[in-house]
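Worksheet: the structure to be examined is printed underneath.
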Amino acid sequence: MPIILAIESSCDETSVAVCNNGKITANVIANQTIHENYGGVIPELASRVHQQNIVPAVQQALAISKVDKTQLDAIAFTRGPGLLGSLLVGVSFAKSFALALDLPLISVNHMQAHILAHFIDEPKPKFPFLCLTVSGGHTQIVLVKDYFDMEIVGETLDDAAGEAFDKTAKILNLPYPGGPLIDKYAREGNPHAFKFPEPQIQGLNYSFSGFKTSILYFVRDQKAKDANFVENNLADICASVQHSIVNILINKLNKAAKQYNCNEIAIAGGVSANSGLRAALLGMQETLNWKVYIPAFEYCTDNAAMIAIAGYHKYLAGEFVGQDVAPMAKMEF
Ligand code: KG4
Ligand code: ZN
């Protein structure tokens, strides 16, 4: 049965995983801390660090799995969506490695892979299920009918939920990526201390740009009255912002669940690591009789294990790509 090496390099994590017959045996993630001081990922810097990290990460993943490269059956890689310069490093490496070892190549869509992370461990969702995919670049409600038969039924019209977290963090002078820090401070704060307007968007779509602006103005106005407002109220601000974002996310998800008469509900992507979102979903499980699927922390943010499991299912379906494949910054399902 197949042993697949998978490469993820769409943003600022260089990650390499090995999947042996559907089981993940290594998931090496080399984080890039270089972006912390810039308030966001600097694409050119990200590409350079991927270039440094990729071969050591591959060697480490193979060593952890006790697999020799000659035992591999296929190379899976993230083709998109993502930062083009970052993707180029992973795609070029995957193509060269596959060429040198005479192996087939498997192209994986990063957003589909976030959803397929649910098929790494038990319990696995049953088709069809609804997945709220919330990351730094995307916010989507996806109707998942089969491994690679997915329909986006709602999405953000502007900023992603992760961006709402990260941009709020920037307003509060917290380093990038701010999502995990807001989550941390929110634990000590009062989620009802401050109120922020929820966007009124039709259907199952989201919008976060007005929400972000309302936080910007709120903080500016409060600071005009009290220069230390942020420092003195950090936990309450974080808790209130997090509470609002989670409410916005959950309300539309609930609407989708009713519309599609579906109670198999999953979350995926970096923001699914958020403790407020996880707790709110578990609450819905109780009150609405949902069956909720929440990924393990290591499979929420970017990782190659999700690329490997997606690659495994493509391998079983016999879906390979040629050496002329190129990365795509924007990529549909
Ligand atoms: O999926 P991901 O690792 O990368 C993208 O594909 O974008 O998601 C990264 C996003 C960032 O915006 C980060 O702030 C957010 O996920 N994030 C969180 C938490 N952990 C990561 N947001 C809120 N709470 C968290 N605990
Ligand atoms: Zn991602």
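One is the number of the first residue shown, and numbering goes on along the chain from there.
Placed from the backbone N, Cα and C atoms, the Cβ positions cover glycine too.
Since we're looking at a predicted model, the values are computed, not measured.
Under the heading domain 'Gcp-like', TrEMBL lists 23-308.
Sequence-distant neighbours of HIS114 (Fe cation binding site) (same chain, 6+ apart, CB under 8 A from its CB) are THR133, SER135, ALA268, GLY269, MET306. For HIS110, HIS114, ASP302, the entry in TrEMBL reads Fe cation binding site.
For THR133, VAL134, SER135, GLY136, GLY137, ASP166, GLY179, ASP183, ASN274, the entry in TrEMBL reads substrate binding site. DSSP classifies SER135 (substrate binding site) as coil under the three-state reduction.
Checked against ligand 2, the binding-site residues THR133, GLY137, GLY179, ASN274 give no residue with a Cβ less than 6 Å away from one of its atoms.
The binding-site residues considered are GLY137, GLY179; of these, GLY137 has the fewest other C-beta atoms within 10 angstroms of its C-beta. In this structure the alpha carbons, written CA, of ASP302 (Fe cation binding site) and ASN274 (substrate binding site) are 14 Å apart. Long-range Cβ proximity for ASN274 (substrate binding site), meaning a same-chain Cβ under 8 A and a gap of 6 or more residues, is found for PHE165, GLY179, ASP183, GLN242, VAL246. For the recorded site, HIS114 (Fe cation binding site), the DSSP three-state label reads helix.
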